[in-house]
């Protein structure tokens, strides 16, 4: 047969046209050589390309499926965190009825327990991190976590000061406005457009939280915005900034969720302790703290709020925000008042009025619209209608 020649310029040659010649590497091949060298090469090449295309297509589909699964898991984590947060309302109220704790003291104890519980995450391999501080991703995650914690601390202090002269229901409503702040931060600083379904979801969430939290309160009576209300309006700005910065940190350091969470909790604890000690009336009441920590009636809800609805939930948020945006996270967390009302009804016998049910419904609808979008909802109802009788 002579030497074997690899084809460089391939032409579409039919097996029926053996008499034709094909120029390969500048050498003319006879029909017999086409049969023995050229066609087997084409067949092998086509098979290889087909297999490669199938593998690439399967890999792409697997990646898309994994991404969808990760997004759904992250959404489930945030909804679970919001449900756990809802248990805070009746437990804190029950704890307040048994002990005269100030808001600053409550925050100090709550975040103190959370900071102690997560301190191993923060201090793990800390000596090595200190040696490589300027280049260590672990160190950068600690700094990012402290920054987020400081924003949260500002929000909690604003909440404490505002609650001195404003209603708790109004303060909770103002707090929920963080759902608006985050998309605005994305718009002004990242240039991200706010989609129509996001706007609809935001409006419904705000109206829903307003109906649920404010209820039948007469907003026309007295001053609509008191000094406490104005201070409380700092909450959504600070909480919104905290979520926005946490999203950036988790996208940049996705393997440092534990360390960033611990740093965040430590920062809030330190800020709350300073505020409670130097700026609240009575300061840090050590005998009161000792009595709380030795009384099972007050210690049990304190452990729950510190370990479960603070340490665990904030870690869950950090993990979820590796995948979710801060905008979607805050919107999903707006379901917190819904679970709060349900826990209050179950644990304290509070009755859900029409405003609470109406507001809860709007909040749930807002999450569905924002998450799925109008196109998917339209396709779903169209398919459901087509499959009907």
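Glycine residues also receive a Cβ, built from the backbone N, Cα and C atoms like all the rest.
Note that TrEMBL annotation is computational and uncurated.
The feature transmembrane segment, as given by TrEMBL for the ranges 55-75, 139-159, sits at 139-159. Range 224-244 is the one annotated as transmembrane segment, of 14-34, 224-244 (source: TrEMBL). Distant neighbours of the transmembrane segment (108-127): 101, 138, 142, 258-259, 261-263, 265-266, 268-269, 272-273, 276, 284, 289, 292, 302-303, 305-307, 310-311, 314-315; these residues of the same chain sit at least 6 beyond its ends, with a Cβ under 8 Å from one of its Cβ atoms. Taking Cβ pairs closer than 8 Å, the transmembrane segment (299-318) reaches residues 77-78, 80-81, 84-85, 87-88, 91-92, 94-95, 109-114, 117-118, 246, 250, 257-258, 260-261, 264-265, 292-293, 329 in its own chain, all 6 or more past its ends. Using a cut-off of 8 Å between Cβ atoms, the transmembrane segment (171-189) and the transmembrane segment (224-244) share at least three residue pairs, counting only pairs 6 or more apart in sequence. Contacts between the transmembrane segment (224-244) and the transmembrane segment (355-374): absent, as fewer than 3 C-beta pairs lie under 8 angstroms at sequence separation of six or more. Across the range of the domain 'EamA' (76-209), the DSSP-based residue counts are 111 helix, 0 strand, 23 coil.
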